[in-house]
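Record features (TrEMBL):
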DOMAIN    48-226  domain 'Wntless GOLD'
DOMAIN    227-496  domain 'Wntless-like transmembrane'
TRANSMEM  233-253  transmembrane segment
TRANSMEM  265-282  transmembrane segment
TRANSMEM  302-320  transmembrane segment
TRANSMEM  332-352  transmembrane segment
TRANSMEM  377-407  transmembrane segment
TRANSMEM  428-452  transmembrane segment
TRANSMEM  472-493  transmembrane segment
């Protein structure tokens, strides 16, 4: 009677394994909370208003806000009037980072949001559905004496969403509108030390370009990038976890192939889950330190999507393989209703990500949310994915209920058994339920820590110790799912305690009638665990 390790492991050993995993889980949280800094840093930039009086503005000339070759600057827009400077001659210049800092590949990405300071004027109010059109050039260099190299040059339209809380009268002229922040730019790598943004607001009254957008006084940017210290801790975790999961995955599959029967569906799905976890663990991000790989953010999203789709599919199949009758289980086709929503939802999110970050590979200023059509398309993908997720959880909750009801029904057969065998199967049922509860706890912990990280200030202070909550969330949850997959492959690997049926029956004090009541005679059909056999439908009996 061969079973999985979880069935042949004593309660004491199971508790020891659980304690070891709990220790590693605590370490994962502590690494992020006590060693790593915050995951990201936000830096505010105020643009400098430069004057470019050349006739051919389309010819590249990079205007620096400061330094030995700084541009001809004006302090405010009012200064431009006596100097007869037109709106088309003003360039808002932003140098990234602020002096005397340098950017680093350890920052991994740059995300910028835009804030416009718009003053109220009676003769120049913001029209309804107003759109600001910016001519944006982005350049980089790695030395303060080197020439700037153009990285991107695009026309960037953004819809204004502004309100004016005061009465629109002459005495309130000069007060600022309250405008929503706007998505501006995202770059998937930080391969250079210095970046320069030149932003123009070209005015063309005939084409209605930048007409009715109010009087823009200043342009402010907020740049967000990953902290280099957090990146190093994150890379170290991935480098440690990759061989750990890979080794146990190889060990697990080797034990499966040593069996006299072919692998069953549940074993294949656990192995596939191990592959997806290994795929997300592989620290290819190390190459981003030496190469300008702007697609790393998109690649990371795809890896996470594959893992979570595999995890959701595993939960469905894990429940189904413990409740379905022999004719329906051990075939992936029997789960198309439950796995279908996972596939559709994942595909919708993939298309959404390709429409956003996929386009940003060639145009870092692109955002799908900046147009009405793009917003409707994005919302459609998200709504469909949300509906699929709801359907999935309805299916999952129903299947979990069916499994526990099926087990409860089977427990009525236990009193007729001998004491030793009854205790044996009661232990198996307890461990199955325990694994289900651990799964629920992992999912709940992910949601709870995500909410906590969103509502807190980012760190807690206990005496002289500062705990980075957001970093602890990332490293702790990442470590938790690695430990979850590790535990699955270890506990559900075939046990080496293979012994004859007669001997097992004698050891357990069970007669052949009891054996046939709770298990099947064809091991390769019924699967890897005795609980798997125990919870079959009445069709087999």
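From the backbone N, Cα and C atoms, a Cβ is placed for every residue, glycine too.
Note that TrEMBL annotation is computational and uncurated.
Restricting the average to the domain 'Wntless GOLD' (48-226) gives a pLDDT of 89.
Remark: the transmembrane segment (377-407) contacts the transmembrane segment (302-320), by the rule of 3 or more CB pairs under 8 A. Here the transmembrane segment (472-493) has Cβ contacts under 8 Å with residues 4-6, 9, 17, 21, 24-25, 27-33, 36, 39, 230, 233-234, 237, 241, 244-245, 248-249, 251-252, 255-256, 266-267, 270-271, 273-274, 277, 281, 307, 311, 435, 438-439, 442, 445-446, 449-450, 452-453, 528-529 of the same chain, all six or more residues outside its ends.
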